[in-house]
Structures are given as C-alpha cells and as structure tokens.
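Visitor: Dropping the structure in here first, questions after.
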C-alpha cells in the first residue's frame, strides 16, 4: 500500500520522507518491467531477437521513470515548502579544523585550512588508495573466475546433481565477499574524506559519494562486464547476475534491519529483567523507556539506502536482455524493504534531526548516469547475439557500425525525452511564477513608499514648487 509520506515528513523531516517516497515510486515503477520480463523468461529464453523489444522498452522506461520522478518530487516539495529553498551560507563542518583566522566573506574568526594542502591529500593519498582498492577488487574477481572454472570442471567430470548445485557456490561466495568489501571500503572512504578536511558539509558529501560510487560500481558490475564482453558466456552471465542480485538483497535485509532488531530485542529483554529487579517507587515504565532509547543506534543518513537502490537499478537496467527476471526480484525485495526500513527507523535507531531537502540530490545524477550506461550495455549485448550476427556473416564492421548507430539513436531519444518532459508540472510552474510576481509587486510597493516618504521628509509639499511635486509623484509611480 502507499506510504504515509506526509506523516513521515512531519515526524522525520523532508530528507527521509523523500527517500521513502522514492523507494515507493521506484517499486511501483518496476512492476511493468517485472510483468513484461516474466513471459520473456518463461517462453523465449534463448531467442535474442525478441529481446530487442524488451531491451528497447527498458531503455525508454529507465529515462521516463527518472523524469516523472522529478515531477512527483516537485509536487511533494512544493507542498512542503522546500522546492525553492534558498541555500544559505554554509557554516563549517563540526570536524573541520585549521589555524584561526578571519573569514574574508563573513569577517568572523574561524579555522582556516589551505586548499593547496587539501588537494595534496586528495591526489597523493586518497586517489592512490582508491586505485589500489580497485586493483584489489579486480584481483578478487579473477579469483572468482578461477573458482568458476574449478566448479565447472568438477561438474563435467562427475555430472552428478551435487556438483550441479556446486556451480552456484562460487557466485554466492563472491556475492558475500563483495558485500564485505563494500562495507570495509565505506569505512575507509569515510576516514579518508574526513582526513581531507573539507570545510563544507556539501563538499564532504560530494567527495564521499564519488569515492563510494566508483568502487561499488566496479566491485559489483566488473565481473558481469567481463563475462559479457570478454568471456561472452551468456549462460554464466545469467547465473552470475541472478546470484549476485538475490544474495546481495538477502544480505542487505539481514545486516541493515534484522540483525540490529534482533540485537535490540536481546537488549530489551535484559533491560526488562533489570527493571523488574528494582525495588523502588520510581516509575519503572519511564525508566525502562529511557534505558531502551539511550542504547539505540544513531541513524547515519540515507546514503546506504540510496546506494542499495542505485545498485539494484544497475542490476535491472544494465543486463535486462539477458536476465528479464531481475525486475521481478527487485520488486519482491522492495516490498519488504519498505517495511524493514520503517522498522529500522522506528524501532532500531534514534530519531534523526530533520533536514529540509528539495530533491534526492546527487543521487538523481547517479541514476541518470546509470541509465546512459545501460544504453551502451544493452545495445552491445544485442549486437553480440547469434541471431544478429547471422545477418552479417562476413562483414563484422557493418555490424559494429549499425550497433553504434542504434546506440546513438537511443541516446538521442533519451535526451529528447528528458528535454520534452518538464521537471516541474505546469500547475507548479504557474504557482511559482505567481509567487515571484507577487513578491515583485510587494517589493515595488515597498520601494514606492520609501521613496515618497524620503522626498516628503526633505521637501514639504506646501512649500515645494509645482515641478518638484510632480517629480516626486512621478518617481513614486516608477
């Protein structure tokens, strides 16, 4: 059912309300993909010619849902009064440190830190560390392929049912390793970004998001790209994609919600025993509530939640013509994700401070970038299919040129759709224009009153020549 977004906004603030609104919208937007993908999976599994229609629908779908979300987001934030929120001068981050000095903008004394030193830290320490982590991720990926070869050779030698199940073990192990590496890297990225000593919270968030997205994208999707375009093994691609998607969803549900909730229930039982052992006249109910809320964890923001949806969007959109069931599994996961996130917010973590927001921020750009990459991926996969290659048995150059031409045409169609669909509905644009008009009219009235009052203070009308009176009246009209 639909979420009480306005009630969530009233209790948690606009930032968290927008996340739950986007999660709900994205889940319902996945339903058409799931419905269309189901018959493709059941009836035309190896017929890649028919997947051209499905992949084309996916490419248009990924563009339309992101543009329509902007309109829905504008509706919500206009209703909440944050759509045209002005960005005020940002205060320094609490963790920012430096030598005390005078800020040239505000004139106040505050810590100052050289941007040259910050750039040195970024390019001489952070960037090499990120590259090292990316190399380690690729090294782990090659170990995974060695495990795949070992499991396949073992199955070919014995051919039993147990060894057929063993074929899925490397992908499951690799999915677990990916989740562990993502979480360890997240801690390292947070430490490095804090060590870079960014003055503003917005700069800190931008650098952190960039570090995490680059690593997570390579760590989660590099093996799929390698299977698709180097090994060209579509059967292994389907198996790996299904295993990575399902395993990552199960692990996220357990680690983010079920495990913290279970730990809190155990702590709740200990608190009840402790309170029952008290032999005093204090209000035990209030005391128990204080103890429980004191030990609740701190909610660190919507970063991890958006990141999970971003990776899910990548699994659905990048390889749709190979594994059409990805959208169906994403829908099933998100139906439980809504409730598990609500459980996490209301029962596991302390209520965070409300933060006003006008949109989902940098994540909108991240999703749009992923949709552009999906155009290239799906066009290349269709061009590699045996049926399409059979049309060009001799000249592969013509095939490549046609695939590139189709890819550019679809990219052009995406940008045309993005331009044709306004970010704000027409009635919201009219209301904003009326607000601006009323603000200008109010400003004019204020200027007229001030000008006329100033003239009357310096030139009494009873003693002023007629041309001065007419000049003052004319100025007031202007």
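Glycine is no exception: its Cβ is also placed from the backbone N, Cα and C atoms.
Summarising the annotation, TrEMBL assigns domain 'Anoctamin transmembrane' to 8-434. The transmembrane segment annotation in TrEMBL covers 16-45, 51-69, 122-145, 165-185, 208-229, 309-332, 399-421.
Could you place these features in context, so I can see how deep they sit and what lies close by?
Guide: Residues 170-171, 173-174, 177, 181, 185, 188, 192-193, 195-196, 207, 211, 214-215, 218-219, 222-223, 226 of the same chain lie 6+ residues outside the transmembrane segment (122-145) yet bring a C-beta within less than 8 angstroms of a C-beta in it.
Counting only same-chain residues 6+ beyond the ends of the transmembrane segment (208-229), those with a CB under 8 A from a CB of the stretch are 126, 130, 133-134, 137-138, 141, 144-145, 174, 178, 181-182, 185-186, 189-190, 192-193, 236-237, 240-241, 244, 248, 303, 307, 310-311, 314, 318-319, 322, 362, 366, 377, 380-381, 384.
Remote same-chain partners of the transmembrane segment (399-421), defined as residues 6 or more beyond its termini with a Cβ less than 8 Å from a stretch Cβ, comprise 56, 59-60, 63-64, 67-68, 70-71, 368, 371-372, 375-376, 379-380, 382-383, 388-389, 391-392.
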Visitor: Could you give the residue numbers and ranges of same-chain residues that sit at least 6 residues beyond the transmembrane segment (51-69) on either side and whose C-beta is under 8 angstroms from one of its C-beta atoms?
Guide: 22, 25-26, 29, 32-33, 36-37, 40, 44, 313, 316-317, 320-322, 324, 364, 367-368, 370-371, 374-375, 378-379, 381-382, 385, 410, 413-414, 417-418, 421, 423
